[in-house]
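Trainee: The following feature annotations were taken from Swiss-Prot:
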- 1-28: topological domain 'Periplasmic' (TOPO_DOM)
- 50-77: topological domain 'Cytoplasmic' (TOPO_DOM)
- 99-106: topological domain 'Periplasmic' (TOPO_DOM)
- 128-138: topological domain 'Cytoplasmic' (TOPO_DOM)
- 160-177: topological domain 'Periplasmic' (TOPO_DOM)
- 199-203: topological domain 'Cytoplasmic' (TOPO_DOM)
- 225-235: topological domain 'Periplasmic' (TOPO_DOM)
- 29-49: transmembrane segment (TRANSMEM)
- 78-98: transmembrane segment (TRANSMEM)
- 107-127: transmembrane segment (TRANSMEM)
- 139-159: transmembrane segment (TRANSMEM)
- 178-198: transmembrane segment (TRANSMEM)
- 204-224: transmembrane segment (TRANSMEM)
């Protein structure tokens, strides 16, 4: 584990432990703010991936070849670029996991985090040593859609946290009750709650925020890239 990875992990532990020291309302407010930050970061990441997914493989290969051909200093610059890129993703993961942990204090979110880390290690090994080929465009597309649904759940969770903190008390009627169909006490319901923020009996405001975020995000994601951006990439 790199020093930046350790720093990100320690930061996540510190933040998670600190929330337990807050009074209940302040803790809910903190959780809501963390969820909003996570939504912003994840949304930015999705549209960044959408922007670079078309030519990212070719651009990366060209940049690596150019850096390695210029000498040792450029090689170290490449190493540091990868280092800070991984550190940045680690910090994003801290906020993402913290927001997920705040929604469910059971064993499933930590277990999911460990399984995700193990899966990343296996895929990294296969990519580096196994020589498997990955269609980055398709990979970014489907993972981006997945992340948008995760972010929508976090947005709904944020409005729920703000209500519990006493900041938002509008439209708190129960929109529907799915407990008879998919209870959060079931295995699949717990999994959906931990990943997508599923609630068996959400309030009207939670459902509204979920749709208000997700529909424009999906429409913006489905729109073709701007002509200027496409031309600049092809140039």
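Glycine is treated like the rest: Cβ placed from N, Cα and C.
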Trainee: Is the transmembrane segment (204-224) close to the transmembrane segment (29-49), in the sense of at least 3 CB pairs under 8 angstroms with a sequence gap of 6 or more?
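Mentor: As far as Cβ distances go (cut-off 8 Å, pairs 6 or more apart), the transmembrane segment (29-49) and the transmembrane segment (204-224) touch.
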Trainee: Please indicate, using numbers and ranges, the residues of the same chain that are 6 or more beyond the transmembrane segment (139-159) and have a C-beta under 8 Å from a C-beta there.
Mentor: 31-33, 35-36, 38-39, 42-43, 45-46, 49-50, 52-53, 56, 96, 99-100, 102-103, 168, 195-199, 202, 205-207, 209-210, 213-214, 217-218, 221
Trainee: Just to confirm my parser: what is the rounded mean pLDDT across the topological domain 'Periplasmic' (160-177)?
Mentor: 87
Trainee: So what's near the topological domain 'Cytoplasmic' (199-203) in sequence-distant terms, Cβ-Cβ under 8 Å and 6+ beyond its ends?
Mentor: 156, 160, 163, 171-179, 182-184, 189, 193, 210
Trainee: If we skip the immediate neighbours and take only residues 6+ beyond the ends of the topological domain 'Periplasmic' (160-177), which ones have a Cβ under 8 Å from one of its Cβ atoms?
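Mentor: For the topological domain 'Periplasmic' (160-177), the sequence-distant neighbours (Cβ-Cβ under 8 Å, at least 6 residues beyond its ends) are 24-26, 28-29, 31-32, 35, 102, 199-208.
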Trainee: Determine how many residues of the topological domain 'Cytoplasmic' (199-203) DSSP places in helix, in strand and in coil.
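Mentor: Here the numbers are 0 helix, 1 strand, 4 coil.
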